[in-house]
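What Swiss-Prot says about this one:
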TOPO_DOM  2-92  topological domain 'Cytoplasmic'
MOD_RES   Gly2  N-acetylglycine
TRANSMEM  93-109  transmembrane segment
TOPO_DOM  110-207  topological domain 'Lumenal'
TRANSMEM  208-227  transmembrane segment
TOPO_DOM  228-236  topological domain 'Cytoplasmic'
Amino acid sequence: MGTTLDVSRAELALVVMYLNKAEARDKLCRAIQYGSKFLSGGQPGTAQNVDKSTSLARKVFRLFKFVNDLHGLISPVPKGTPLPLVLLGKSKNALLSTFLFLDQIVWLGRSGIYKNKERAELLGRISLFCWMGSSVCTTLVEVGEMGRLSSSMKKIEKGLKNGNKYQDEDYRAKLKKSNERSLALIKSAMDIVVAAGLLQLAPTKITPRVTGAFGFITSIISCYQLLPTRPKIKTP
């Protein structure tokens, strides 16, 4: 009975910890937003209203969030990182920070505080292009980092000779990191499609339903990436 209660308490603590993260709540709202976009298919109705209202609400979560990527822009990079990956990483930070900053003006426009509607819409499109550019940079960074991980894993395999590579702690750590980067690569590549859909760059191919489906999947991936580590329950 005590063990069952301990497990339940630990599970609830994980849920509380997860929901206390502003980023996690934002991604859950994002899943609702794009799920509604998928259901509406761009047609007027309840689902489209949920899509629009959730999109506006999410912008409040992101107020002053651009500071995070500004900090990343000026922060030092790990030693040994190739220059192309450094430049791509810094470009991603700059573009994402610009997107988040401009998104605040979009929120001011849609909430009626900023009266120049045309300029707000223009800045909205520019911000989406910045987000699309940051997703492209992220995709290229993940491809490059996965290549570096693959190379170092092959070196470990050669060093082990006939040993079991999965019993090597360093190899397992790099394999886990590689899996995480693979998931991040899928997410960033799909986000490029989402951005293209929001910008209506290929409206006949990337329809609101396609945009909603891709956005929902990337939101679920983001929610998964933010999951806290499960604590080990001591058994008597």
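Heads up, residue numbers simply count up from 1 along the chain you see.
Cβ atoms are placed via backbone N, Cα and C, with glycine included.
According to DSSP, the secondary structure content of the topological domain 'Cytoplasmic' (2-92) in residues is 72 helix, 0 strand, 19 coil.
Mapped onto DSSP classes, the topological domain 'Lumenal' (110-207) shows 78 helix, 0 strand, 20 coil.
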